[in-house]
Amino acid sequence: MRTHDDTWDIKTSVGATAVMVAAARAVETDRPDPLIRDPYARLLVTNAGAGAIWEAMLDPTLVAKAAAIDAETAAIVAYLRSYQAVRTNFFDTYFASAVAAGIRQVVILASGLDSRAYRLDWPAGTIVYEIDQPKVLSYKSTTLAENGVTPSAGRREVPADLRQDWPAALRDAGFDPTARTAWLAEGLLMYLPAEAQDRLFTQVGAVSVAGSRIAAETAPVHGEERRAEMRARFKKVADVLGIEQTIDVQELVYHDQDRASVADWLTDHGWRARSQRAPDEMRRVGRWVEGVPMADDPTAFAEFVTAERL
């Protein structure tokens, strides 16, 4: 059960979900036609010790094994893998556009096992600030350093809780509020209550000068019936793989029905925003998965929002 001040490392709670995401990036990297390349994702997964359920995501036959349950379960597993690749590619492109426009200050909110500070080709002078729980940041930087991996930008860790006074910690790490910034909230908002989401964007806006940019993945809305169905399906997948499901992601997510539309909120608070539905972006890059349930429900899938400070 989540609390307002809960904490975690890379093996527990919200921290462990970063391992799942990294596993999807590793699988994508191994494809003959990858949308993105993350040469460090597999390393970060296999050293995390977060449990067999997450390492099983590296299995190239996972979709076929899920098909033994039923076609819809296989489609869901394939969708989750494809979605992570498309999401990563979308935000990689966002950062490429930001630095092409001259932005040299980047802040990744709840960075988890995000390896962009290491794998992207950043212009000289770029500083990437990563905000997350202290133990999550420490695991990533230590693991990569021990394997000879160095950042491709000036990387600065900001150990802070995004539900607390993280802007002060960011400034203490060297953040310049007078410089244009490219912000990213990827894989984050669903783990925040609705009011915390609004507060986060208010805090971002307070330290963003005109010309700053932000990109965010929205939190899709699922009813209790759908959540129960998803739990049952993932338990079946775990049973087929013969492994214990140690974390219920649905218990970590806040399913607030009154959560504000990110694009609308930003538009109302001094940003010029646009959004792209995840299914539309997946189709655009040729990675939509047929057979995914609720494909026609506009609230069931995330949106990718980008905005510029006015």
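Glycine is no exception: its Cβ is also placed from the backbone N, Cα and C atoms.
Bear in mind that the values here come from a model prediction, so they are computed numbers and not experimental data.
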Listed in Swiss-Prot for the S-adenosyl-L-methionine site shared with ASP161, LEU162, one of ASP121, ASP132, ASP198:
ASP132
Return the residue, from the listed binding-site residues ASP132, ASP161, with the maximum count of other C-beta atoms within 10 angstroms of its C-beta.
ASP132
How far apart, in angstrom, are the most distant Cα atoms among the S-adenosyl-L-methionine-binding residues ASP132, ASP161, LEU162?
8
From the centroid of the CB atoms of ASP132, ASP161, LEU162, the recorded S-adenosyl-L-methionine site, which same-chain residues not already listed sit within 8 A by their CB, in sequence order?
LEU109, ALA110, ILE131, GLN133, ALA160, ARG163, GLN164, TRP166
